[in-house]
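Reading through the structure tokens given below for one structure.
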Amino acid sequence: MPIIIFAILLLYFLYDYRKGSILILLLTPFLSMVLIGGKSLSLFLGLIVLLKWMIASQRKWKVFSTSVFLCPVLVLGFSYLISNHFGRSPHLPSAITNTMQLFFVFVLIDYLGRFAYLKKYALKVVIVMAAVLSINGLIETLTHYNIILNLAITTGLYPSDTLIITEIRYGLKRAQSAFGMHTSWGGYAFIVCCFLLYLKKYCNITFKYANYLIILLGMNIFFTGARSAFLGFAVALLAFVDIKDLKSKKVWGLILLVIAISPLFIGYFGDIVSSFTDTEKVNGSNADMRQTQFDICFYYLSQSPWIGNGIAFTWEYVLPQNKDLLGAESLWIPVLIDQGILGAVAVSSMFVACMIYLIKHNAIRYTIVVLGFLVFNSMSSIPNISITDFVYYVILLCMFIPNK
């Protein structure tokens, strides 16, 4: 099955390399879970996309030199390569994949900036993927059966050891949709929900059943049962709060409805709120476990503080010897262990570049969403969702904002 998917995407790329490139980049979180010869499909297809752009684009040097992402990409790419070369754990495929993925940012900026039809195409792809995945997440939560994930494993598209979560939290089966982890689905739903909500509210860009899809994506964030996703999403929603909304009768009607029915659910949501302050109340990592994880992180960081111990050192060496590390449940734990202080500074600079890019494109409000995602990812790891995946949606969002 992976070979078939590779062939289909390659043929589509050969038919229309611009649309093919956009599709492959947007599918990256899923393609990274599909393996050929032990390597992710995103590595092979991504290399094709990047080489084609480098050869065919006449504007690549202008895109490089004028982009706010140039410095962060170079620093982060340098961090990957130097940590891989001098660290105790060389892992060249991961270093190449991670570095290559950074340069996709420029591919997206170039294609979307030059060809208006591509942003409409990208939006359609996002809507279709979001609809399919969120409906699957709803069915999964209600029936405790994940249609897409089971099909992907059965057909051999995903590895047979892909985790299917059966845990119940807050009375609901934790949703993971087409991902290997619930936090990954939470991260994807977070990104797309905020993206579509901003387009609808502030860019007047909507589509049939837009409200339903946005609400369903928000519900799926809740279905994941990830407290980090709840808190990050709560921060992100502040970007959409307007004082003028308080003058709307619909808003006041909704507020009154929530107040009226709150006694029915106060106990349920009270348990959710208390799980933040009393982390022993639910299954999963508690405060002591997180503290232990960071203690392990700082021990290995002290052995190579500036450039880290090498790409994938966390998963291949630290975790087998330190079971208490669990899933290294923060963006910063594997970054500090693998890439050291240089890596942490480089990753931070990518978030800063996102904010600068948004401000330059008259989307300062969306910087709060960036902060929300940072909170989410700082509290929990989001496998298969990287900072560059978030950046793709920031770039796509800005392409729909008219210049003032």
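Including glycine, each Cβ sits where the backbone N, Cα and C put it.
In TrEMBL this protein carries:
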type: DOMAIN; residues: 213-346; note: domain 'O-antigen ligase-related'
type: TRANSMEM; residues: 30-51; note: transmembrane segment
type: TRANSMEM; residues: 63-83; note: transmembrane segment
type: TRANSMEM; residues: 95-112; note: transmembrane segment
type: TRANSMEM; residues: 121-139; note: transmembrane segment
type: TRANSMEM; residues: 178-199; note: transmembrane segment
type: TRANSMEM; residues: 211-239; note: transmembrane segment
type: TRANSMEM; residues: 251-270; note: transmembrane segment
type: TRANSMEM; residues: 331-356; note: transmembrane segment
type: TRANSMEM; residues: 363-379; note: transmembrane segment
Given pairs 6 or more apart, does the transmembrane segment (211-239) have at least three Cβ pairs under 8 Å with the transmembrane segment (30-51)? no
Taking all residues of the domain 'O-antigen ligase-related' (213-346) together, what is their mean pLDDT? 77
Selection from 63-83, 95-112, 178-199, 331-356, the stretch that has most Cβ pairs under 8 A to the transmembrane segment (30-51): 95-112
Between the stretches 63-83, 95-112, 178-199, 331-356, 363-379, which one has more Cβ pairs under 8 Å with the transmembrane segment (121-139) than any other? 178-199
When counting C-beta pairs under 8 angstroms to the transmembrane segment (331-356), the leading stretch of 63-83, 95-112, 178-199, 363-379 is 63-83
At least three Cβ pairs under 8 Å linking the transmembrane segment (95-112) and the transmembrane segment (178-199), pairs spaced 6 or more in sequence? no
At a C-beta cut-off of under 8 Å, are there same-chain residues at least 6 beyond the transmembrane segment (363-379) that contact it? List them, or none. 186-187, 190-191, 194, 198, 202, 227-229, 231-240, 329-332, 351, 354-355, 387, 390, 394, 397-398, 401
